[in-house]
Amino acid sequence: MAGRAQGARWMARRVIGLTGGIATGKSTVGRLLAGWGIPVIDADLLAREAVAPGSAALAEIVQHYGSTMLTNAGALDRSALARIIFSDPQERRWVESRIHPSVRAAMQAAVEREPGTICLMIPLLFEAGMTDLVTEIWVVSCKPERQHARLKERDGLDDQAIAARIASQWPLTEKVRHADVVLDNDGDFAHLKIQVERALDQASI
C-alpha cells in the first residue's frame, strides 16, 4: 500500500499501526499485545503530553481560545475544547495541527528505538497521515449499534455528541478497506483474542 514504511531498516520487524473507529476496541487489542510483550505506543497519551501545563501547544490553544480553556489547576479543560472541535471541523484541524507534529515525532522516535515488533496505536492513523510510520495496518471494527452503546456507557455521551465524534473521523468502512488486518469486535473477548493471535502469526506484510 502506498505510503507504507519502506527500506531495509523496516524489513526485519513489524511496525503495526493499530486503529479503528471510536470505541471499537482498540485499547483492548493494545492491552493484549502489551501482555504478550509487544511495546504499544498510545497516540492518545502522547497527545495529552503535548498539551500538558507549560507546553507550547497549550499556550497556543489558550491564546487562540482564551483562558476558558483552562481548569482551575491550569490544565487543559478537555470538555471545553471538545465542544469546540467536534462542532467545527476547521477549528478541529487547527487544534490537530498544534498537536499532531509532536505525536508523530514521538512515534517516530519510538520506532527507531525499538529493534523488534512494535505497535503504534493511533486512532487518527489515516486522518493524520501517519501510515508511512507503519509496515502493516490493523483496524478494529464493530457494528454501529455496538459502537454507540459503548460510547454511551463509557463516556456518557448523548446521540448528538456521539454522531459528532464519529463524523470527525474517516468512516469505519473506509478504514476497513485500507486495512491489512481487520479485527471483528462484535463478539466476546475470546473471539477477539483469537483474531489477534492469528494476526500476530501472519508473516510481516
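Quick reminder: no glycine exception, Cβ is built from N, Cα and C everywhere.
Features as listed in Swiss-Prot:
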| type | residues | note |
| --- | --- | --- |
| BINDING | ALA23, THR24, GLY25, LYS26, SER27, THR28 | ATP binding site |
| DOMAIN | 15-205 | domain 'DPCK' |
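For the domain 'DPCK' (15-205), the predicted model reports an average pLDDT of 95. Neighbours of the ATP site: apart from ALA23, THR24, GLY25, LYS26, SER27, THR28, residues of the same chain with C-beta atoms within 8 angstroms of the site's C-beta centroid are GLY20, VAL29, VAL140, ARG150, ASN185.
DSSP classifies LYS26 (ATP binding site) as helix under the three-state reduction.
The Cβ of GLY25 (ATP binding site) has VAL140, CYS142, LEU183, ASN185, LEU192 as same-chain neighbours under 8 Å, each 6 or more residues away in sequence.
The Cβ of SER27 (ATP binding site) has 17 other Cβ atoms within 10 Å, all protein chains considered.
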